[in-house]
Each structure stands twice: as C-alpha cells, then as structure tokens.
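Here's what TrEMBL has on this protein:
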TRANSMEM  28-51  transmembrane segment
DOMAIN    43-295  domain 'G-protein coupled receptors family 1 profile'
TRANSMEM  63-89  transmembrane segment
TRANSMEM  142-165  transmembrane segment
TRANSMEM  200-228  transmembrane segment
TRANSMEM  240-262  transmembrane segment
TRANSMEM  274-295  transmembrane segment
Amino acid sequence: MLIPNGSVFTPALLTLTGIPGLESVQRWIGIPFCVMYFMAVIGNSLILGIIKYEHSLHKPMYIFLAMLGATDIALSTCILPKMLGIFWFHLPEISFVACLLQMWLIHSLQATESGILLAMALDRYVAICHPLRHTTFFSQQLLTHIAVGVTLRGAILGAPCLILIKCRLKLFRTTVISHTYCEHMAIVKLATEDVRINKMYGLFVAFSILGFDIIFITLSYIQIFITVFQLPQKEARFKAFNTCIAHICVFLQFYLLAFFSFFTHRFGAHIPPYVHILLSNLYLLVPPVLNPIVYGVKTKQIRDHVLKLLFSKKFLNH
C-alpha cells in the first residue's frame, strides 16, 4: 500500500537485484558460484559420511568437524538457490517474511560456525596443554551441551533483529534490496524511520559473538604455542603444531573474510557496491568450499579415509 509521501507501508514482497553494476554478466558469475556450492556440498557431505561411519573418528575433534561441515552445507544452501534464481531465471522477488527468515538463518548459522571454531580451539587447547584431562573433560554430555549451546546462541541473539524489523519498521522508501540475499543492514537501510536501535543491536550481536569468540580463540592458541615451544623434543613440537595447522587455516580464512567484508560494507563508501556484494557472497561461499579441502589435506586420519574410499571405488570399477 502506498502512502502520500511515496513510501511503502509493510510491503508483502521485496526485490533482490543481485549484483548492482554487473547485471549483464550475472548469468556468468552464477557458474563459478554454482560450482563452489556443489564443491561445498560434496566435500562436506564426504567428511560427514566418513566421520559417521568410521568409529575410530568418533572423537571430539572430528565431531566438531562434522558439526562444521553440516553448518557449512546449511549456510551455503540458504543463499545459493535464491541467488541462482536471480542470476539465471530472473526471479528476484521474495516475500517479506521469507526475506526475514533467510536473514535470521544466515546470521544464526554464521554465529554457529564461529562457536564451533571456538569449541575446536578449546579442544586443541585441552588436548595439548592438559592431555591427561582431555578424555574426561570432553565427555559426551559436554559435547551435546556445546552443540546445543552454539546453535541456540546464534538463534536467540538473532531473533530480536527479526522482532525489531517486523515490529518497529513500517515505512520503507523502497522494496528493492541491492543484494543477492537478505542481509540485516540491507533490509534496515530500506526503512524511512529511525533505525539507530536496529543498527546498534546488529553491532552488539556481531561484536558479542565474533568478538568474544576471537578473543578466546586467540588466547587458546597463544597458550598452545607457549606449551608447544616448551616441549623438549623437536618431533613432539612438530606433531603437536601439525594438529593445529588445519584449525588455524580455517580460523584465519573465516575471520579475515568476515572482518574484511564487515569493514568494507560499513566504512568503504568509496568502494563500488558490486565489490561489497561480491565480498559478502565470497565470505559465505569460500569457507564451506575450503574447509573440507583444508581438513582433507592437513588431517591424516581424514585424508587416509578419503584415499581409501576413492581407491576402493576405483578398484571395484575395474
């Protein structure tokens, strides 16, 4: 319904434009994005299958890895189908409720992934700094509590963003979102009303989750490095450090992409909009693709089971 000043009152539909400035080549951009999506689903599904059926991998480190893989599949699935619908089939419209749901799922899953990375850092800390306590500390009950906790944390903290948009914002200057998916700030900026509370709460959630996790992950790895370098034998130091390399790689690529995307979105006014959108998409798509590759290459147990699976299939085909 239109009101006199031209604003839209509680729109039923929103329109996602895709990547502003690159509309003519979006169909081609969709191809690598689609390839990345299938790589992420196949790679993480392979990791999940191996961990599920190999009882020797039913340990905290691999359980957290399985949780990370499941989160990555869910996160990439939240954005890719709709994105490809925009790029390939010219289906830019999305209902307001579905847009809010997508926004909540994306931010909740991002928070869940960050929490899993924190749990993995804690696992490595206990395994290296307090090895005798590792088995008793990471009981099945604790693993269940961690899984439930990191999932509910993002879901609960993200819910007020939905309520603040749905209940506070009624007038929108436009229904067109210059993005490929429904992102919190992209929706909030459409409103003609005072959105300071929405912005402040969004920043609070981002820093309370990512900030908290980064601080404790960093402290964990500092203590791990101190312990590793104090080991008397070179081989023991190398073995202990090698178990952390994959975690460090995943940790760095997730948070570096997150902060680069975050700061360019808020403070890079001189950067073209399509750069912001591409960075946001890569931030959500690159980690799900790289995580199974990193763990497949750097984790011997995973690598051995993948090679065993591939060569056994190859043998059977011959």
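Backbone N, Cα and C atoms are what each Cβ position is placed from, and that goes for glycine too.
Highest Cβ pair count under 8 Å relative to the transmembrane segment (63-89), across stretches 28-51, 142-165, 240-262, 274-295: 28-51.
Among 28-51, 240-262, 274-295, 240-262 has the largest number of CB pairs under 8 A with the transmembrane segment (200-228). Beyond its flanks by at least six residues, the transmembrane segment (28-51) meets 19, 22, 57-58, 62-63, 65-66, 69-70, 72-73, 76-77, 80, 83-84, 87-88, 281, 285-286, 288-289, 291-293, 295-296, 302, 305-306, 309 of its own chain at Cβ-Cβ distances under 8 Å.
Same-chain neighbours of the transmembrane segment (142-165): 60, 63, 67, 100, 103-104, 107-112, 115-116, 118-119, 184, 187-188, 197-198, 201-202, 205, 208-209, counting only residues six or more beyond its ends whose CB sits under 8 Å from a CB of the stretch.
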